[in-house]
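**Q** I am attaching a structure below and will ask some questions about it afterwards.
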């Protein structure tokens, strides 16, 4: 038996560390009375939605203005005194105390990066205090579903210095019998793709998320991915499909979308996406239209919502208010879940719950500025989300999440269920 006093928060410390892009980020450690502790590091995005929670940066010359000493100080000087003495088991109370202390709508007082670091570290400390893995602590005995990975193997847009407008072209190995086999399938296609790009004289340098960043058009990227799937010995659309992150807010201005040398209004943009769905085995499209183009999104949902998964990232920013607006207007059918968009674990879980109750899927996601923290791997299993998006098959901050999912699958043994094997995850009309 555990002593409840052992699970009381005793000390909280924080430090400035680096993310995968060499930018500062916040790490927090929560230590409990009984000696257990938890550590977490927050990620950071490149293409950020205008409605995301506020990430506090120092400004000035240090680290080119990207330092996070203010956020670190807020943890140690303001958050720690407010939380010490609370039970780490009451995650909702811990997060509520920080939100009350912050007092703003977008966490701009303390910084979402300060609040989230403590929120995630607290959950891990509580799990460690109970002797439970994080996925089991958060998800209970039903946390046995391993997610279908959406593997970003070709990077463009804000994630790479190339000519590709769309931000991510992903492999979706939904036809695998297990997560381990899905990872193998994706990895084999990744290496096959590298050989194809090299043979065509294209760059095999990788972008922020570990995918290749060749100079291609959007159609060419789809064509070479299908070729790589086939050459690796798999059937496009049956075993491995494609997913896109258009990140269209990045090339939207004055009511028009400018990409691949053309300029399109919302209806024309929807038409362009329809053509791609007809041409390729695409099962999921993220941010197909800009974050505040609600009318365009409604049209996209009417035209493609019954055929493919339409994921709102910048549209919803893991925010229940914006998600409810989408639900009420039948806009999109899926939400991308990024813990640092909303800034606390409790609010993240609330967004996933609202999505599930409303018939929307959830895709647990990393950010382009990642770290070795593997919380989102456990979160994907804990919430039975059935999908995870955590980059390519290179760069250790991406692979860390895949390796954690392998460990979880092994630990679950015969209880483990791969979402793709039971018809969950994106399947589209492939």
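Just so it is clear, glycine is given a Cβ too, placed from its N, Cα and C backbone atoms.
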**Q** Select one of 194, 195, 200, 338: the residue that Swiss-Prot places in the (2R)-2-phosphoglycerate site alongside 167, 367, 368, 389.
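**A** Answer, per Swiss-Prot ((2R)-2-phosphoglycerate site with 167, 367, 368, 389), from 194, 195, 200, 338: 338.
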**Q** Pick from 208, 215, 313, 314: which one does Swiss-Prot list with 245, 286 for the same Mg(2+) site?
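**A** Candidate listed by Swiss-Prot for the same site: 313.
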**Q** From the recorded positions 209, 245, 286, 313, 338, pick the residue whose C-alpha lies nearest to the C-alpha of residue 167 ((2R)-2-phosphoglycerate binding site).
**A** 245
**Q** Using all protein chains shown, find which of the binding-site residues 167, 368 scores highest when you count other CB atoms within 10 A of its CB.
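**A** Compared across 167, 368, the most Cβ atoms within 10 Å surround 167.
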**Q** Using a 10 Å radius around each Cβ and all protein chains in view, which of these recorded positions has the most neighbours: 209, 245, 286, 313?
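**A** When each Cβ's neighbours within 10 Å are tallied, 209 leads.
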**Q** Neighbourhood of the Mg(2+) site (245, 286, 313): other residues with Cβ within 8 Å of the Cβ centroid, in order?
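**A** Checked against the 8 Å cutoff, the neighbours are 167, 168, 244, 246, 247, 285, 287, 311, 314, 336.
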**Q** Counting across all protein chains present, how many other Cβ atoms fall within 10 Å of the Cβ of residue 338 (active site, proton acceptor)?
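**A** By my count, 26.
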**Q** Of 367, 389, the binding-site residues given in the record, which has the fewest other CB atoms within 10 A of its CB?
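**A** It is 367 that, of the binding-site residues 367, 389, has the fewest other Cβ atoms within 10 Å.
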